[in-house]
Amino acid sequence: MLLSKINSLAHLRTAPCNDLHATKLAPGKEKEPLESQYQVGPLLGSGGFGSVYSGIRVADNLPVAIKHVEKDRISDWGELPNGTRVPMEVVLLKKVSSGFSGVIRLLDWFERPDSFVLILERPEPVQDLFDFITERGALQEELARSFFWQVLEAVRHCHNCGVLHRDIKDENILIDLNRGELKLIDFGSGALLKDTVYTDFDGTRVYSPPEWIRYHRYHGRSAAVWSLGILLYDMVCGDIPFEHDEEIIRGQVFFRQRVSSECQHLIRWCLALRPSDRPSFEEIQNHPWMQDVLLPQETAEIHLHSLSPGPSK
């Protein structure tokens, strides 16, 4: 069954990375002001990154998310091909925003004297995976498998585009409740992917690998696999496996729900204490538990449409 669906999912894997030059304005064309293009709605959320509001694009009533980031809160900067200095988040989003549907798209951005404003796509109706699990509890393995496959494809797409997300967690995954499609969001902790070691980390500590807790060093790909293991455990058990540094370093996984032996094996493999013992993305997708993956629309029809949608964001 899985092999018959690979072609249906192939567009996710082969989507091209965005050419940063492609979004430049034509010579002599000035960008219209933010206020004339977008109508700002209620606050969706706020934190150390700034604030995110719902909004509407005036030209076509397209739902958008409007993210305000204060300049004095930006710790990592990047540069566009034309030399413009922007938050690294803008650089990363431009690299991954393409025809691939599993990563949130950056539609536009604006610079203000004291902040940057990012215009992002906003599916409707939508709920993040954290709220979805909080309301419904541990997911059935069939649903968890579909969700996990989509997240894995999103992370693979990012890596193929040279981007390391560094904050893979349930709060940063949106579920389109109509289509059954997941989208990876919030690249504010991300970095350009490299083969050498990282010595900085701004993501969520309980999703971070033991090598970061112990040595403040990690490699991007193996750290991402650890976070994916935490996420899969969260899906099938309803909560994360570790809360404290000592638990992360010890790495002992106890299952609070009935979980199949194949799923347990995959989780424990992703959560191997030695980074070199963790699977590659390809090995995860070839794992026995990852076979017979539902397509997003099948997921919506079987698991989502029969449920009452949670509150939209």
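A Cβ is built for glycine as well, from the same backbone N, Cα and C atoms used for every other residue.
Counted within 10 Å of its Cβ, the other Cβ atoms near ASP167 (active site, proton acceptor) come to 21, all protein chains included. When secondary structure is read from DSSP and collapsed to three states, ASP167 (active site, proton acceptor) falls in the coil class. Sequence annotations record features per position, and here Swiss-Prot assigns active site, proton acceptor to ASP167.
The ATP binding site annotation in Swiss-Prot covers LEU44, GLY45, SER46, GLY47, GLY48, PHE49, GLY50, SER51, VAL52, LYS67, GLU121, ASP128. Secondary structure at GLY50 (ATP binding site), taken from DSSP and collapsed to helix, strand or coil, is strand.
Residues or ranges marked as domain 'Protein kinase' by Swiss-Prot on the basis of sequence analysis: 38-290.
Feature annotation from Swiss-Prot assigns phosphoserine to SER8 (among others); the stated evidence is similarity to another entry.
Feature annotation from Swiss-Prot assigns phosphothreonine to THR23; the stated evidence is similarity to another entry.
For SER98 (among others), the entry in Swiss-Prot reads phosphoserine.
DSSP assigns SER261 (phosphoserine) to a helical segment in the three-state reduction. Annotated phosphoserine per Swiss-Prot: SER261 (among others), in sequence order.
Most buried of the binding-site residues LEU44, VAL52, judged by other Cβ atoms within 10 Å, is VAL52. When the modified residues SER98, SER261 are compared by the number of other C-beta atoms lying within 10 angstroms of their own C-beta, SER261 comes out lowest. Taking a C-beta cut-off of under 8 angstroms and a sequence separation of 6 or more, GLY50 (ATP binding site) has the following same-chain neighbours: LYS67, HIS68, VAL69, GLU70, ARG73, SER115.
Taking every protein chain shown into account, SER46, GLY48, GLU121 are the binding-site residues, and of these the Cβ with the most other Cβ atoms within 10 Å belongs to GLU121.
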